[in-house]
């Protein structure tokens, strides 16, 4: 991104801080997009975050986090649907933004395969909708599931049956066949739907993608049936027999079975033909009648696809070549400051409504105070140093979804007297000092739990699906209960039944509640007094501690008593507890500091202790012993691995009973060093620890 310091100029400490920030931002974007069908940043901004994260990981492989966004697919599941575990994972795609990146992808494929001849590819439009997997047994549709987090989706079978161009029976199909594709809504149908919504006085949808996703995920199939959804098939999952030998032949087979496939799919050789097809599809984009945001390229030979395989979250044999963002000019009417769960002050532009790429937008992200001032977080100019002022005419862009980004300012149209924007140095919600920590690009409220905005956002996080997931207590209910003074901290939720059971009428008389729903809520709260350790750690809402990190911490410490005692004794920067914390692969100094600091802040600790008094915390699951050459050994991976991703290597080692550490110590048994290993390899040599390369590791575990 243009407002960021070049990766090759970052110090190791700056890179670690940046990776932590990116992990937090990408996780929030994933949840908004995949779980709530309500994106908070544009596709272009999201792609840029992922791209920068990948670039930093490549420059500093030893800093790669265990919860790296590079390994994540989709988001958490929504409430109300049964879970479906995908027999074959539904992965996301790597992105390319120009010809050079497409050529690099092709070259990586050639190197991986040792292939010097011509390669054939398919090119097809990337539909902007909701991914769906359809399972057919003996030719009958038996299950439909959303992508979810890639491993587990939502069962939307009855809703999917209402989609007109989705066959419920197949003639001549394999006994088992999972067909995958995209549910979408045409522009014409979207306009008609919003017209009906407006006439009925109901909420309008922001864009066709949100309308399609919201329609498919209705709890009442009759509502879905009333919505004009469509489906394009483009892939497959589990199958009892091959569909064909090539990608384009397999798509033709799906069409013969009765599925709608995209007519713009073409067979291409080399980057020049791919780029020509990309340009042709983009030329036709406005006339297609449905939203697309790029072109997907796939290796055509399915045998080669199988050889290429997958990284942690993307196939090696496919890539999405995205379109450039869409632009428009409008006037900035105001700047609001929102305060998030971790105290971040986020500026939001309030715009005179403008149509960008067919969608009316009125808000835009302004990132942080430096972005408004026309510089990046290191003081270097962006936009030629032009600052952003209320009243300015600004250029905004979007590339598929809601809140866009302010890209430029027209100084010639700046109103006389427009004043420089002064970013608040106190929290607009609680008045506490808002400070910027070294290396942080945002200003944060220091009020902690006395800040009402942080209170309510933390409570929302606490009841989220990956945390306590209390049925009947979602974000809206939490906000209402907080607003009326019923809850202020997580412990208050568990006091609700005792405090209000006698006066249950108080709750049932609230808007949206009845006696049954109130009784169900109290029962759900009681059920959550027993909680898994990793869920509790995640629910605390400590900065930088995501789901994956919470699981790592739970696995490492085993019990709440051990975890709580270690955090109590730990001191930032020194001591055995600190070193033990840093030994966890994926836990760096930034995350560890955040964790230890939280347990040493008086208000934070009081809230944690009050909560723990209500709970029975289940110990982390202990894996059964595994017989392998590395079982029980502590392994450190450093440098670049060429035959598998770091995440794949870590998963394989742990499956064989090894413990993967993020740092080298006297307790380390084996260091696996790839190119660019750096200080960890030197430290291992100094300690006399066995060091092997990737091939040696594969021989050791029997995968050579």
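Our numbering is plain: 1 for the first residue shown, then up by one each step along the chain.
In case you wondered, yes, glycine gets a Cβ from its N, Cα and C as well.
Sequence annotations record features per position, and here Swiss-Prot assigns active site, N6-AMP-lysine intermediate to 126 based on sequence analysis. The NAD(+) binding site feature in Swiss-Prot is assigned to 43, 44, 45, 46, 47, 92, 93, 124, 147, 182, 298, 322; the stated evidence is sequence analysis. Per Swiss-Prot, Zn(2+) binding site is recorded for 427, 430, 445, 451, and the stated evidence type is sequence analysis. According to Swiss-Prot, the domain 'BRCT' annotation covers 625-704.
Residue 445 (Zn(2+) binding site) carries a strand DSSP state (E or B). The two recorded residues, residue 147 (NAD(+) binding site) and residue 427 (Zn(2+) binding site), have Cα atoms 39 Å apart.
Apart from the site residues 427, 430, 445, 451, the chain places the Cβ of 339, 343, 426, 428, 429, 431, 432, 434, 446, 447, 450, 452, 453, 454 no farther than 8 Å from the centroid of the site's Cβ atoms, the recorded Zn(2+) location. Spatially, by CA atoms, the recorded positions 126, 427, 430, 445 include one closest to residue 298 (NAD(+) binding site), and that is 126. For residue 93 (NAD(+) binding site), the spatially nearest entry among the binding-site residues 427, 430, 445 is 445, judged by CA separation. Distance from the CA of residue 47 (NAD(+) binding site) to the CA of residue 451 (Zn(2+) binding site) is 32 Å. Annotation note: residue 45 (NAD(+) binding site) sits in a helical segment as assigned by DSSP. Of the candidate recorded positions, 126, 427, 430, 445, the one lying closest to residue 45 (NAD(+) binding site) when CA atoms are compared is 126. Counting residues of the domain 'BRCT' (625-704) by DSSP class, helix then strand then coil, yields 27 helix, 15 strand, 38 coil.
Spatially close to residue 445 (Zn(2+) binding site) yet at least six residues away along the chain are 339, 343, 345, 427, 429, 430, 432, 433, 434, 451, 453, 454, judged by Cβ distances under 8 angstroms. Each residue contributes its Cα atom, and for residue 47 (NAD(+) binding site) and the residue listed as 'active site, N6-AMP-lysine intermediate' these two points are 15 Å apart.
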